[in-house]
Amino acid sequence: MCGIWALFGSDDCLSVQCLSAMKIAHRGPDAFRFENVNGYTNCCFGFHRLAVVDPLFGMQPIRLKKYPYLWLCYNGEIYNHKALQQRFEFEYQTKVDGEIILHLYDKGGIEQTICLLDGVFAFILLDTANKKLFLGRDTYGVRPLFKAMTEDGFLAVCSEAKGLVTLKHSTAPFLKVEPFLPGHYEVLDLKPNGKVASVEMVKYHHCRDEPLHVLYDSVEKLFPGFEIETVKNNLRILFDNAVKKRLMTDRRIGCLLSGGLDSSLVAATLLKQLKEAQVQYALQTFAIGMEDSPDLLAARKVANHIGSEHHEVLFNSEEGIQALDEVIFSLETYDITTIRASVGMYLISKYIRKNTDSVVIFSGEGSDELTQGYIYFHKAPSPEKAEEESERLLKELYLFDVLRADRTTAAHGLELRVPFLDHRFSSYYLSLPPEMRIPKNGIEKHLLREAFEDSNLIPNEILWRPKEAFSDGITSVKNSWFKILQEYVEHQVDDAMMATAAQKFPFNTPQTKEGYYYRQIFERHYPGRADWLTHYWMPKWINATDPSARTLSHYKSDAKA
């Protein structure tokens, strides 16, 4: 987890422009570097470092003696870098996982390089010998990337939009900033004056496709066919491997634990893997909630079962409400469900940073989208429609859950790892027949639960615990977090404001007072940037007016008692 920032073809004084790079300093609290590109006085890189791998030689932009014309700035982890290094017999100069990008690019060009990377990443690769610039982002956009480009060829790139919005350029007083699409890379020509021209934008991977790097990984052979026992066995192998490869770090590992199915499976598998790797420290697990929150009780059961060093963080409604401004600034969105769910995650990340030495944090993000875990999947008209919806959710993760997970942890200098979004695990899951993946017997994620039924990884009552939205589970069943927020907002936004909402906010007009309140805060921090969010997150196939699962008729408030 780091912060990357770069400018190409700047007309302004670089030392003034680089102040914008300091807006993402939270992403890399360990070191900062600002470096001009030789021969291009108006091109530069900025880098904030969180030292997770190779404390000595991990600074960026990465430059190697062998390729003096290549510059690499990246944020992420490449889990198969050692396997590829051995396979192609590359001579490494550092212990940094990202070094593999330079060797692969020199060997086979950008397309082969990006398809062979097993991991999460956002990168800027500059080749001054061939006058080319490349931008790339991982399949699900687990690592963030934003860009701004003007018609005359000025390009600015950053991990978060806040590092770009205050930049000035002579031809564009209001710089259009947009997210770089996940699963894509872009090729640009570098001109002698340091400006760039886009050549092509390529979608290199679809979440359904088995990734190219499968050719070089060491996972034991999977069994063919869709017999239920075969599938369960394959899922266990791939999930185990997804967690194992993510142990790559020189810093202490911790795990978020809400007591739901996903985070519990991650925590239990992680603890098992750390023992096998003979790691000397205890695994710290972290749960957050208000008094009598269902999540806290469930997380405690799991922690006792697996034997982790468990931390419980209590917060009250006042602390949650007070955090809203900081949370919306960190998130760069006004999406209602994302903000609700982010408050708890933001506060627990703050606690981890302040009170522990855990830096690399595992979590269960991505499972609901992949395994059809949202309660509204019970209403899917057919397995095929459910499959379509699952893929749509995965494609949009970078706007919602993955965005929340990255920004709330990065705001406190933590690095998040998400095994459910592992390429091999997710592409295998999506290759299964649609009817295998739908909710069964009134229980969502039935297949995933079944796969771990006899493993004794987590208590059975947790394995079959019904879905609870994170923003709801952290509060009591008697008083949901979304109700607390709505009661507070009722006094902040009056009916007259709502009556003129469409004039004030013609794009994505807020339909509720809560939505209006969040939008006001967002516009204060990021005026005129509402188009970063294409649409609000909402359940499908039902006439929902609120994204909370607790408003759905399927939800049983006593199911958790």
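Using N, Cα and C of the backbone, Cβ positions are placed for all residues, glycine too.
Within its own chain, CYS2 (active site, for GATase activity) has ARG27, GLY28, PHE47, HIS48, ARG49, LEU50, GLN60, TYR74, ASN75, SER159 as residues 6 or more apart in sequence whose C-beta sits under 8 angstroms from its own. For CYS2, the entry in TrEMBL reads active site, for GATase activity.
Sequence annotations record features per position, and here TrEMBL assigns domain 'Glutamine amidotransferase type-2' to 2-191.
According to TrEMBL, the L-glutamine binding site annotation covers ASP97.
For SER363 (ATP binding site), the same-chain residues that are 6 or more apart in sequence and have a Cβ closer than 8 Å to its Cβ are CYS255, LEU256, SER263, VAL266, ALA405, LEU416, ARG417, VAL418. Per TrEMBL, the feature ATP binding site maps to LEU256, ILE288, SER363, GLY364.
For GLU365 (site 'Important for beta-aspartyl-AMP intermediate formation'), applying a Cβ distance below 8 Å and a minimum sequence separation of six or more within one chain yields ASP262, ASP401, VAL402, ALA405, LEU416, VAL418, PHE420, LEU421. The site 'Important for beta-aspartyl-AMP intermediate formation' feature in TrEMBL is assigned to GLU365.
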Starting from the Cβ of GLY364 (ATP binding site), draw a 10 Å sphere and report how many other Cβ atoms land inside it.
24
Tell me, roughly as an integer, the mean pLDDT over the domain 'Glutamine amidotransferase type-2' (2-191).
94
